[in-house]
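For reference, TrEMBL has these:
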BINDING   Gln27, Phe28, Arg29, Glu30, Lys31, Asn62, Ser101, Lys130  4-amino-2-methyl-5-(diphosphooxymethyl)pyrimidine binding site
BINDING   Asp63, Asp82  Mg(2+) binding site
DOMAIN    8-182  domain 'Thiamine phosphate synthase/TenI'
Amino acid sequence: MGSQNVEEHDPLVVLEEALRGGITLFQFREKGENALTGEDKLNFAKACQALCKKYHLPFIINDDVNLAIALDADGVHVGQDDASANTVREKIGLNKILGVSTHSLTEVTAAINAGADYVGIGPVFATTSKPDANSPAGTTLIEQTAATYPSLPIVGIGGITIDNCQTVIRAGADGVSLISAIATHNEPFVATRQLLHVLQQVAKIT
Ligand code: 3NM
């Protein structure tokens, strides 16, 4: 999430409610129209990192490798249009988390070879949070990736809600990554608790 993803709420309040509600990792994604830049972005990132530290959860940064290094973030997430995963791994070293967004089995294999700790696969469903997202791809690549690389952690992304998140886990994902289902909910704490509850139910039976 970034400050551009919330509607009337304070983004730091949304983040703290999500942390209290039970998210397991936060990816700082200050990107796109209305995103903060420069000093404002830096200060907002520091405030998000401090909240994640308070709840003892990983704080990783989307795309901005230099910011991740400057803040000693727990990791970096890159897409296919960002810096190459190989370069990022070299810059951040082996002790940080590296996530890579992928859209084909070839990209998944390349991400593994670059030292990715997990892959993001999406958009599973239609999303309004990323204007340049590909068209919805469903769960096919998640199924193929889970079958080909059983020990590789996979997160599904894109249009995931309380109503469809179980489908993503059943397809073979280990987790879900989402923005609007929490950030634009009236009560982000309640949204997170409900998502967690539904995800725990499916985890028990898969
Ligand atoms: N990446 P929401 S879809 C940041 O497909 C992002 O790689 C995507 O937001 C991808 O949960 C997406 O609101 C947006 O749909 C996710």
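Yeah, the Cβs are placed from backbone N, Cα and C, and that goes for glycine too.
On a predicted model such as this, the values are computed, not experimentally measured, just so you know.
Site extent for 4-amino-2-methyl-5-(diphosphooxymethyl)pyrimidine: among the recorded binding residues Gln27, Phe28, Arg29, Glu30, Lys31, Asn62, Ser101, Lys130, the largest C-alpha separation is 16 Å. Taking a Cβ cut-off of under 6 Å from any atom of ligand 1, the binding-site residues Gln27, Glu30, Asp63, Lys130 reduce to Lys130. When Cβ atoms from all protein chains are considered, those within 10 Å of Asp82 (Mg(2+) binding site) total 17, not counting its own.
For the pair formed by Ser101 (4-amino-2-methyl-5-(diphosphooxymethyl)pyrimidine binding site) and Asp63 (Mg(2+) binding site), distance between Cα atoms is given as 11 Å, rounded to the nearest Å. Annotation for the binding-site residues Gln27, Asn62, Ser101: lowest Cβ count within 10 Å of the residue's own Cβ, Asn62. Neighbour density around each Cβ, counted as other Cβ atoms within 10 Å, peaks among the binding-site residues Arg29, Lys31, Lys130 at Arg29.
Under a cutoff of 8 A between CB atoms, and with a sequence separation of 6+ in the same chain, the neighbours of Asp63 (Mg(2+) binding site) are Arg29, Lys31, Val76, His77, Val78, Gly79, Asp82, Ala83. Around the Cβ of Phe28 (4-amino-2-methyl-5-(diphosphooxymethyl)pyrimidine binding site), 26 further Cβ atoms fall within 10 Å across all displayed protein chains.
Under the DSSP three-state reduction, Phe28 (4-amino-2-methyl-5-(diphosphooxymethyl)pyrimidine binding site) is assigned to strand. Using a 10 Å Cβ-Cβ cutoff, Glu30 (4-amino-2-methyl-5-(diphosphooxymethyl)pyrimidine binding site) registers 25 neighbours.
In the three-state DSSP scheme, Asp63 (Mg(2+) binding site) is classed as coil.
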